[in-house]
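S.K.: Quick one: this structure, given as structure tokens, is what I'll be asking you about.
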């Protein structure tokens, strides 16, 4: 059996090192200045060591430089390594030597792998030495060095092999560089554009739900950009290793099939040229359609315009690249055929009424989740304490959600007049069926239109217990509860006693269960905050609304209510004016205060009892009748609130009659 040294062609290896060795040296220097040297500068001075904290990984050291090198160096190396394929004379010379193509390919790929892994290995050794010499065990461990080496190696090899694969299918180095990055970003890009475009054509398509499902892991480039905040998962490492091996096999196969005369051709294989041309056309069409659809708020006319512009632009750009000539505008036949195919496809999508009209039958549904955002399903690896509501399982609530869903579908083509201070909200439905399947839909709706439907669901005890985190906290894990007033200064009440914590949690739960749907909406976002701190740096946030009578009494009994929320004694005066959307809607608080000063028809309130009534009834709500400016005694601070018709005290109504 021949040895490895006899298998290697030393002259070829030497030639490769001469032409590309500088890239490996550049990579080593870049990594050295961004990791070991930074450690030496940071930890050799005791003053800085005292203020430094443990790092999450070695990527925390000048992360931007590390990732910049990771993204650029492997592609640059693949371009220079296989430069000989893109130049006719070099290709003729290389393939005239008495060596099989497979062996030539393996020499170049092996040289590239060593050129990438050698700097990483040397940096790891230097970091290990620095770790021992400077006693850096309190900042990072040996396992962090091994993780860094493994992650950098896997990503470098995958990006490098992607560049090698592209080198096999193109005959121009510049095209190779561009197409490599396009290939690496293609899974993320095509998924993103497809999801955005489908939501325009399929009413209820939950694009946002799919966008939060680890989309960044589809590309090593986007995944690499997050390495300073999250770890590379074992399943992704395995996937990337498999992809690297597959790309190696495909590259070797294509290299053996590639013709020498394909040098200087944009696409080396004639059968792939149509794929390239229409692939560019399709991606440009989706990108342009997505842009015009978003900018013009889902206008079908503008989307079709975007598709037309994008497809035309992409088609002719691809033709120019393939023909290496700008005089390609007479080649219109392919574009016409493409337009006809796309038109038929879009008409087919428009006929998919069964998708848009699908509401699962009650007998099929195991449970259903109704939420105002699909982001409750954000990746738990990135958000350790992300609260996910429970689905509804009671038949009455499932039926109520289905009625809401069906009404939204029925109203698809009915225009709704948007009233003042009103905006659309997401309505997200996730049905778990008894057969194990899911039905997921997402809409943008005017909540006011479906108020009766929402009221029935939101006021049910099951919904409140399922969607409020306070019902899911382990009381024994709560360290403290802090209630902070929403005025000037830093007034708050902190509860540390475990018995009082249990009492307060139970009281808060009771107030939430008793809260009406109207009060949920009207008082949302205006009261003091209740922060529940649990172990492991986890905290939960709740609101202390004026309607929470139980919490109010609990604080009053302990004589700390004045520290937990704004009291009438904190307010010097209140100014009230009739709400006029044209006058106040887009103003900053300072501008509102100035306009109130110049408004002759303003009610000024200084009586503490009346101020208390205003504080207990003002909120944000969806509709405004009066605008309220609170002037505090402290720090010349002002706050803006609103009153609707239902919550306005009688003395204010009488004044403005």
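Each residue, glycine too, has its Cβ placed from N, Cα and C.
Taken from TrEMBL, the feature transmembrane segment covers 21-43, 63-85, 105-133, 145-169, 181-205, 237-255, 275-293, 299-322, 334-355. The domain 'DUF6449' feature in TrEMBL is assigned to 431-518.
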S.K.: Using a Cβ cut-off under 8 Å, which residues of the same chain at least 6 positions beyond either end of the transmembrane segment (21-43) come close to it?
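M.R.: Cβ under 8 Å, 6 or more out: 49, 52, 58, 61-62, 65-66, 69, 73, 76-77, 80, 115-116, 118-120, 122-123, 126-127, 130, 134, 136, 139.
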S.K.: Between the stretches 105-133, 145-169, 237-255, 275-293, which wins on the count of C-beta pairs under 8 angstroms to the transmembrane segment (63-85)?
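M.R.: Top-ranked stretch among 105-133, 145-169, 237-255, 275-293: 145-169.
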S.K.: Between the transmembrane segment (105-133) and the transmembrane segment (237-255), are there three or more C-beta pairs closer than 8 Å, counting only pairs 6 or more apart along the chain?
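M.R.: Yes, the transmembrane segment (105-133) and the transmembrane segment (237-255) are in contact.
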S.K.: Going by DSSP, how much of the domain 'DUF6449' (431-518) is helix, how much is strand and how much is coil, in residues?
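M.R.: DSSP classes over the domain 'DUF6449' (431-518) add up to 44 helix, 22 strand, 22 coil.
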S.K.: For the transmembrane segment (145-169), find every same-chain residue at least 6 residues outside the stretch whose CB is under 8 Å from a CB in it, and list them.
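M.R.: Here the qualifying positions are 57-59, 70-71, 73-75, 77-79, 81-82, 85-86, 109, 112-113, 116-117, 120-121, 124, 127-128, 131, 176-177, 179-180, 183-184, 220-221, 223-224, 227, 231-232, 237, 240-241, 243-244, 247-248, 250-251, 254-255, 258, 267-269, 272.
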S.K.: Within the domain 'DUF6449' (431-518) only, compute the mean pLDDT.
M.R.: 92
S.K.: Which bits of the chain, at least 6 residues beyond where the transmembrane segment (237-255) starts or stops, bring a Cβ under 8 A of a Cβ in it?
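M.R.: For the transmembrane segment (237-255), the list is 101-102, 105-106, 109, 150-151, 154-155, 157-158, 161-162, 164-165, 167-169, 220, 269.
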